[in-house]
């Protein structure tokens, strides 16, 4: 713990020194003067646009939420849905200007494709030709060809094709399409229209696959045919399937993550607003729930349209219905309930604190601009000029890699929590994308569970499970991460990010699988079969050698995660070479020091998690002791009541004492037996530990 604190202080002080020296000597693009003589690093375009639009977005979101509550109370659920569609249309019109027509065209095309695929997925046999209905027969044969599971592939291929076509139009003026549309180029909007297309694709696919699940389920229940209630997986996607996969890939409802093989445990996320369920089926009561109006209210929902978090259609529909029932008259009021206010107020304070911390970071540490414009190799190349005093040291390279990742985490955390806060105020729940600090990670699997959680859940539901789930983990890792890279942008640096991530992920999965099977064999040997009935389990955390071994593996994973994020989002494939050469080749002893610090930090994370798990066990023990004390207290009260009754009957104090004594003896015997059983269990544990 002391070594980690000292390392953080050193990397903070050295980072501030280098940033101040560099910004005062050079004029760097993206670094602007700020208050009190400081300079603010706004080289990241995403953060710069969000920061400049923050007052306008806050006013727009607050107005939307207030009007939404009033409409819900006055006109009910359907009125609220119409209001969301109308405001969503206006919202994208202001954001994208004339290019909002392209977004609406993609959305409407996705809707009609989804309804066609849903109707085709219910066909189980070849249509029989009837007399005088040749055209109708051909249409039915065409729909039958795209029955399930071809309907799923049809939706995936065409929706992704639409998005690629839309990306090819990026930057294309309307005059190139038609001279008569030249007037539309004057209405560009506030935000580039292709930014929202990526999230639109995920929402369109979610709606399409969810309604196929609903139509197949209804057809099966009514007709008694083949069970295809989940067209994406070939069967029912029940809670047991999701729980099985959640142990490997997806976070739980409150941000707690645990690996089924007992290797990785994560800290609790004490975030009361992060309780969101992944529903397995759409809460469809009638046709209006999957109508065009419901679809548009989902894909154009203003608080989540720009950057998410991403929520599945089934979760969105369920959350909307729950919030409508809680706000419907006469029980609803214009003020939120005390429970909602108690949850949202700490969430808002945490958001404001992170925003202030991000502002301090961009004012004191300018490493995002340093890495974005590749100033470190530039300074190395001009070592004989007037820039010689600015020659970077190995600690500067390490500080750049560290603070860039911290900046990315703070930036995304502020943006996602901002939009999620207003979504929660409107009664629409969605996952917390970053439930824990970026530095609390020592394995690739755990890192991607807690980075963009909503996207992780989407991938699990619509890509990971349909392609085989845990049965083909290593193969699916390549498919999933390549899809994620291409979903962001079709760029070589993102493909490099995906390759490095999977190369780090594949051996980790193999090691975890081998160690997990070894741990299970060790737990289930002959001497421990009887203890399995008592739910006693052995943990690798009790073995010092395994802790050190996993610490070494976590150190390697941490280095690879830093490298992957630097390649994918900052320096690029060619820019990472300067970091590797400077840190590994020219300064091997510094590399050893960095690895020692990372190893110590990971051991500290193990200790923190041990403390968390110990506190949980202690709470369970205290609960058991409380039950025993309660039984003893009830026995004593019973004896006192008998004593009072004896006095009223005139039997005297001695007789009343005789009535009380058996109860006290019985309680003492129970307590004695309970303590004896606990001592026996502790003794067995000690003997078992010595034997091992």
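Just so you know, glycine gets a Cβ as well, placed from its N, Cα and C.
Residues 83-108 are the range that TrEMBL records as transmembrane segment, among 83-108, 109-134, 135-160. Of the given residue ranges 433-455, 525-547, 548-570, 617-639, TrEMBL assigns the label transmembrane segment to 548-570.
Matching 362-380, 571-589, 590-608 against TrEMBL, the residues noted as transmembrane segment span 590-608. Counting same-chain residues at least six beyond the ends of the transmembrane segment (471-488), those with a Cβ under 8 angstroms from any Cβ of the stretch are 198, 201, 248, 455, 459, 463-464, 494-495, 497-498, 501-502, 505-506, 509-510, 568. The listed stretches are 83-108, 494-511, 548-570, 590-608; of these, 548-570 has the most Cβ pairs under 8 Å to the transmembrane segment (395-414). Residues of the same chain lying 6 or more positions beyond the ends of the transmembrane segment (494-511) and with a Cβ under 8 Å from any Cβ of it are 443-445, 448, 473-474, 477-478, 481-482, 484-486, 488, 553, 556-557, 560-561, 563-565, 567-569, 572-573.
Residues 60, 64, 67-68, 71, 75, 162-163, 166, 169, 174, 184-185, 187-193, 196-197, 200, 204, 293, 295-297, 299-302, 305-306 of the same chain lie 6 or more positions beyond the ends of the transmembrane segment (83-108) yet place their CB under 8 Å from a CB of it.
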